[in-house]
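Working notes for the structure below.
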């Protein structure tokens, strides 16, 4: 019998063993009385699984978020804090890029007199062209986070609404991001042909490729660009650091991610407690006992079938 088959059999035996144990609990408590059920249900209700602490953290973070960016769409303080946030974080990313260059791409450990050309071009294009788009992306991300926080406090806010709103927010931000990258590339191509006086030459067709744009933007160290073949040679003037814009928009969504995960985990813990209480209430009834015996029959059949397969594989090998 091969190692792969043995591993597969072992993995299959784990859930079957767990299911067998679960069925054994159901059958073993066929005569469970109501007093024991009430005591166990009360004990489960009193157990603190941490949902209150998680909700407290989420509320604290939301309050701090509103203090930083305001709680309204037209809050005045965000006119200062959002641009400062974008500029500060872009500085951190460029500094990280420069330090990576000094440590890993500088074998002689020489301190350069000037900023390396790729970083210099990226800084120029980002603060000349990309900074305003990054501020716009951060503004949209922050407004979506505010809307999510406010919606979370409403009584009709459900688990499915939470997941849908979170995914929709992510889609909106990165759809706008990829659209901006596409527009920046179009503008760079037009500027290139105008700069070199190539007014009558046929320009390349740039397609909108959102997934490719995101994939290019994941690497902070190797900035994306594109080359154009012209009558004056192979030219390029697109050095916008897509990764800086990408991670800037990502960090502005960290709060949305944290609050969403807090809400998600809190709901799961509460649901787990409710299911546990419902299970205790059902244990000992004729219906649950019947399900237990039915499950025992099915699991026993699967174990026998698995044993036959193992014997066949051993004999055939």
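Any Cβ shown, glycine's included, is placed from N, Cα and C.
According to TrEMBL, the transmembrane segment annotation covers 6-32, 84-106, 126-142, 163-184, 245-270, 291-315.
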For the transmembrane segment (126-142), distant same-chain residues with Cβ under 8 A (at least six beyond the ends): 69, 78, 82-83, 85-87, 90, 169, 172-173, 176-177, 180, 184, 187, 240-241, 244-245, 248-249, 252-253, 256
Tertiary contacts of the transmembrane segment (245-270), as residues 6+ beyond its ends and Cβ separation under 8 Å: 49-51, 54-55, 57-58, 61-62, 65, 85-86, 89-90, 93, 126, 130, 133-134, 137-138, 141-142, 144-145, 148-149, 152, 159, 162-163, 166, 169-170, 173-174, 177, 180-181, 214, 217-218, 220
Cβ contacts under 8 Å made by the transmembrane segment (163-184) with residues that lie 6+ beyond its boundaries: 129-130, 133, 136-137, 140-141, 144-145, 147-148, 151, 206, 208, 210, 213-214, 217, 238, 240, 242, 245-246, 249, 253, 256, 260, 264
